[in-house]
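Colleague: First the structure, then my questions, so here it is.
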Amino acid sequence: MNFPWDQLLVQGNWMITMGQIGAPFAVIAVIAVISYFKLWKYLYREWFTSIDHKKIGAMYLICAVLMFVRGGIDALMMRTQLAIPDNTFLEGNHYNEVFSTHGVIMIIFMAMPFIFGLWNVVVPLQIGARDVAFPVLNNVSFWLFFSGMILFNLSFIVGGSPAAGWTNYAPLAGEFSPGPGVNYYLIAIQISGIGTLMTGINFFVTILRCKTPTMKFMEMPMFTVTTFITALIVILAFPVLTVTLALFTTDRIFDTAFFSVANGGMPMLWANFFWVWGHPEVYIVILPAFGIYSEIIPTFARKRLFGHQSMVWATAGIAFLSFLVWVHHFFTMGNGALINSFFSISTMLIGIPTGVKIFNWLFTLYKGRVTFESPMLFALGFIPNFLIGGVTGVMLSMAAADYQYHNTYFLVAHFHYTLVAGVVFACLGALIFWWPKMTGFKLNETLNKWCFWLFMIGFNVCFIPQFILGLDGMPRRLYTYMPEDGWWLLNAISTVGALLMALGFMFLVASIVYSFFKAPREATGDNWDGLGRTLEWATAGAMPPKYNFAITPDWNDYDTFVDMKEHGRHYLDNHNYTDIHMPNNTPVGFWMGILFTIGGFFLIFETLVPAIICLIGIFATMVYRSFQIDHGYHIPASEVAETEKRLRDARIKEREAVSHES
């Protein structure tokens, strides 16, 4: 085994050196805290090996928030570098590493796990299910994502991060990027992507087979509809990424030539394959965000969602068109007028179903009794900001104009107005909105609103100047510029905006910490003053029991829960309980994740023998699980009845306390 020890440690940069020193101490500190409080057995039994969709969702969300912090630090480093001309805060290659990892982390390791975490927490509850269709696969999916996340973040201090951009274009990412950096990109995303594909299959089947029998597709909550359609996009798009990453991996490790011109390959093949996955990937994160807004807006407008069926068809239309627009990412690569014209038109067409959604949200607000809780503020802030992203997207869809905009900060501002205003606003609003379902208490509304206003104002202060910089000719991926370029003031303003966004997020962290210690614990499952409109708010307690629902709920309309409350069937009380079957926890996913991490690390450094041994271990684990007889366990009806009575008594006590105070 010839391990390249000379490539292991990155040298010559003080920030990376500090990371190399600090990371081991951070790991030791975490291990020490867990050991001091004797939590290892609890974490392993109740979390690491759990197949409970709610706990898996919480683990996804914890990782996503941590990656939001990591990606945000990358963004602040870039904005600090560009705040003044001729800055030496970051040297050129380090800047390239930072913006490359920023893009990958924010899309692959923040936005997607955030969405998947919400899927896990909310969707089974919304469809009246006890768990997902494949609970063990759900656990495996999480640990594969976690493995990819660990490997990708390890690159900063061990071996060096990828520096060819988040798109990793050949030939720059091929023969012109020696070392393990690009290998980290290929292997980490490959492992995480396999987990993502499993998640897509799991939720597609869950919604088809596990929803309450009376729930019809066109009557499902919009978040569930968008989850179903997004899961289908995942199933269709991610195999393309899997194959493409595998081909590039063989180029780098086994000297094949799929993407190398010198040996008969075609770099443009990578661009096509990448964006055949890459543009549907945008809708993998934005469609569930649309579903989130379709839950929040009717709740705080106290009104039915306007045009529910048209929203379903619009979602399906966007999903279909998402596979027909990938060439607009490289209009400038010389495809020819006919091809560019086709993809220009198909890109513009996406504005039609998206416009339908915008107007439906506005009509939902019209004559509604709107209240401005913090989730609603994020939803309302989304509409005008996302509209800016949409309008500039139509500008970029014109192939002739794209030649002017494409390689400038105008494009950077555009996609941040779609992804931040569309996805990040949704994630933050959803975290606050569904927080009581995970913890049993609400976050502090005052701090939440400070978070919203600082984040939204900072967002516009950060990215509106970038539109102007782009029109003035500032290229993207530029790590420094000269004073005579005249870009200093707008870059400085943009940096101030980024700092405001960071400050806003710190208010959300403060809200979480403050509420953990100070917020009253709630008993009701309908946490937002009884405004809930879907089944996740119909659980017997604020935090659903492990079986979710003691009896299978009925669902006859997308606002059935409102009707249930009007007729006094709010909590599905029933004394004819039966035994409930539940699956057992499993260690399979956890150990597969460890094997993927170790094997992936050795493959990144092109040390094949240990990687092959780990691969054999992975297959052995799968075989072991395949022959394991596990019938799960049953929760006795008496225990269900006792749990439901305890939760019912807590609700009554809480209601009496509120009545006494008023």
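For all residues, glycine too, the Cβ spot is worked out from N, Cα and C.
What Swiss-Prot records for this protein is below:
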TRANSMEM  14-34  transmembrane segment
TRANSMEM  56-76  transmembrane segment
BINDING   His102, His416  Fe(II)-heme a binding site
TRANSMEM  103-123  transmembrane segment
TRANSMEM  140-160  transmembrane segment
TRANSMEM  187-207  transmembrane segment
TRANSMEM  228-248  transmembrane segment
TRANSMEM  273-293  transmembrane segment
BINDING   His279, Tyr283, His328, His329  Cu cation binding site
TRANSMEM  311-331  transmembrane segment
TRANSMEM  376-396  transmembrane segment
BINDING   His414  heme a3 binding site
TRANSMEM  415-435  transmembrane segment
TRANSMEM  587-604  transmembrane segment
TRANSMEM  608-627  transmembrane segment
Colleague: Which sequence-distant residues neighbour the transmembrane segment (415-435)? Criterion: at least 6 residues beyond either end, Cβ under 8 Å.
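Modeller: Result: 61, 64-65, 106-107, 111, 114-115, 118, 121-122, 282, 285-286, 288-290, 292-293, 295-296, 299, 374-379, 381-382, 385-386, 388-390, 392-393, 441-443, 448, 451-452, 455-456, 459, 463, 466, 508, 528, 536.
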Colleague: Just the number: how many Å between the Cα atoms of His329 (Cu cation binding site) and His414 (heme a3 binding site)?
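Modeller: So the alpha carbons of His329 (Cu cation binding site) and His414 (heme a3 binding site) sit roughly 13 Å from each other.
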Colleague: Quick one: Cα separation, His102 (Fe(II)-heme a binding site) versus His328 (Cu cation binding site), in Å?
Modeller: 22
Colleague: Counting Cβ pairs under 8 Å to the transmembrane segment (56-76), which of 140-160, 228-248, 273-293, 311-331, 608-627 comes out on top?
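Modeller: It is 140-160, which has the most Cβ pairs under 8 Å.
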Colleague: Do the transmembrane segment (103-123) and the transmembrane segment (311-331) come close, with at least three CB pairs under 8 A (pairs 6 or more apart in sequence)?
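Modeller: Between the transmembrane segment (103-123) and the transmembrane segment (311-331), contact is absent.
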Colleague: If we call contact 3 or more Cβ pairs under 8 Å (sequence gap 6 or more), are the transmembrane segment (140-160) and the transmembrane segment (587-604) touching?
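Modeller: They are in contact.
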Colleague: Could you name the stretch, out of 273-293, 311-331, 376-396, 587-604, 608-627, with the greatest number of CB pairs under 8 A to the transmembrane segment (228-248)?
Modeller: 273-293
Colleague: What parts of the chain pack near the transmembrane segment (273-293), using Cβ distances under 8 Å and only residues at least 6 beyond its ends?
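Modeller: Residues packing against the transmembrane segment (273-293) from afar: 107, 111-112, 115, 118-119, 167-169, 221-227, 229-230, 233-234, 236-238, 240-241, 243-244, 247, 315, 318-319, 322-323, 325-330, 357, 361, 379, 382, 418-419, 422-423, 425-427, 429-430, 433.
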Colleague: Taking the mean position of the Cβ atoms of His279, Tyr283, His328, His329 as the Cu cation site, which residues outside that list, in the same chain, have a Cβ no more than 8 Å away, listed in sequence order?
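Modeller: Same chain, not in His279, Tyr283, His328, His329, Cβ within 8 Å: Trp275, Gly278, Pro280, Val282, Ser322, Val325, Trp326, Thr347.
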Colleague: Around His414 (heme a3 binding site), which residues of its chain at least 6 apart sit with Cβ under 8 Å of its Cβ?
Modeller: Gly389, Thr392, Gly393, Leu396, Tyr405, Phe467
